[in-house]
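According to TrEMBL, the protein has these features:
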type	residues	note
COILED	A:54-81	coiled coil
REPEAT	A:101-142	repeat 'WD'
REPEAT	A:191-232	repeat 'WD'
REPEAT	A:233-276	repeat 'WD'
REPEAT	A:277-318	repeat 'WD'
REPEAT	A:330-362	repeat 'WD'
REPEAT	A:363-395	repeat 'WD'
Amino acid sequence: MCDQTFLAITFGPCDNCTQNKPLMNIYLKNEPINYCSLCVELMACQALAKGETINTLKAESESLKAKLEEERAKLHDVELHQVAEKMEALGQFVMKTRRTLKGHGNKVLCMDWCRDKRRIVSSSQDGKVIVWDAYTTNKEHAVTMPCTWVMACAYAPSGCAVACGGLDNKCSVYPLSLDKNENLSSKKKSVAMHTNYLSSCSFTNSDMQILTSSGDGTCALWDVESGQLLQSFHGHSADVLTLDLAPSETGNTFVSGGCDKKANVWDMRSGQNVQSFETHESDINSVKYYPSGDAFASGSDDATCRLFDLRADREVAIYSKESIIFGASSVDFSLSGRLLFAGHNDYTINVWDVLKGTRVAILFGHENRVSTVRVSPDGTAFCSGSWDNTLRIWA
Amino acid sequence: MSTSNNIAQARKLVEQLRIEAGFERIKVSKAAADLMSYCEQHARSDPLLVGVPTSENPFKDKKPCIIL
């Protein structure tokens, strides 16, 4: 009837933490171990092999880092600008402001082009998100967000919705309707939830998924319809400020940059950090893929922009000058990848020859920091947004 | 508990470095040559690089476009 087995509990000092507690009588590899239940749990969780200590792990990580540097250096046989010497130099560039979009009441923080090459969405510090027609400078839609500092905005590939977010720690999607009288705020859909501010967002190739980066140090992929988190990306040790998706249709990677001075490349399906670059000397404010997808550029508070090649796994060019001392807030490539546009905190936009590493133009016009720079989808113009409350279209 | 956190972090770092060390890299000369050839191939279709005639660029006209 009652045939119960009781565990005979011994009480005494634990072999690990030396506290007097009930001990679990377990055997590891035929050796009796008298640990308290807490220590047994810890041991199981850590799965420590015998002899593995923090020092051995540290030593291994140092040796791996050294090996990585050695491997990378072995392949560094030439500089990009040396290879590019035989290319023709670019002529003089004349780029002027062709349109000025006025209407924001405060600093413009972010903007994005629609795939129809004429519409633009921009967001500002006062919480307003405006959709413009860049050809006519008319405002087509305006939404007031419930938070200030809307640092991220993105146009959906279909052109039927915009996503935005900022200090509310969320990314919300607003479907755009043709009816001008419709209140857009009523159709708002909260998609992403982070534990700190949203720094950047981007739709993937469809309207169905959004990739976000946040001040909480993570990036995340969300399903728009259900709001479900599909994948999260951990690896940055500080705020993630920017992200960019790889251009190819089949590409499943994206690059992110953050305040930990690192630029990480991630596989979207597995969540794995596949490559990491840490040569900047300060926060990375902006990353952008080269049009072929084999490289990316980054702009940083250390006043330099750098080009990293993904297949060579190293930095291949630095775009800097002694006279440039203000950080770069935003970078973008022209359609062929030959030009790099960088917006700086000294109110100017520098235009670089990507291959030769020389500056081809400085564009003046904004009356405050340039916060965002984006080339239009067909490459005919680029738009810059600034803390002077305006956006300018240059061509 | 801070020691167990450090061990976990250190182990994650070692794992990450192992993955990165196993990456297949190519020479910078090859990578640079590919970047250059991409630029050359697409240079002609880059409006900001070669410039397009004013009549074709919707932003360059002085009067706004009126589509009837």
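Cβ coordinates are placed from backbone N, Cα and C, and glycine is handled just like the others.
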Within-chain partners of the repeat 'WD' (A:330-362) [C-beta distance under 8 Å, separation at least 6 from its ends]:
80-81, 83-85, 87, 89-90, 92-93, 95, 285-292, 297-299, 303, 305, 307, 317-319, 321, 324, 368-375, 378-379, 382, 384, 386, 388, 394
Cβ contacts under 8 Å made by the repeat 'WD' (A:191-232) with residues that lie 6+ beyond its boundaries:
110, 149, 151-158, 160-161, 163-173, 238-245, 249, 254, 256, 258, 266, 268-269, 271
Going along the chain, which residues at least six beyond the ends of the coiled coil (A:54-81) come within the CB cut-off of under 8 Å?
307, 312-314, 316-317, 355-357
Reported in the order helix, strand, coil, what are the DSSP residue counts of the repeat 'WD' (A:330-362)?
0 helix, 19 strand, 14 coil
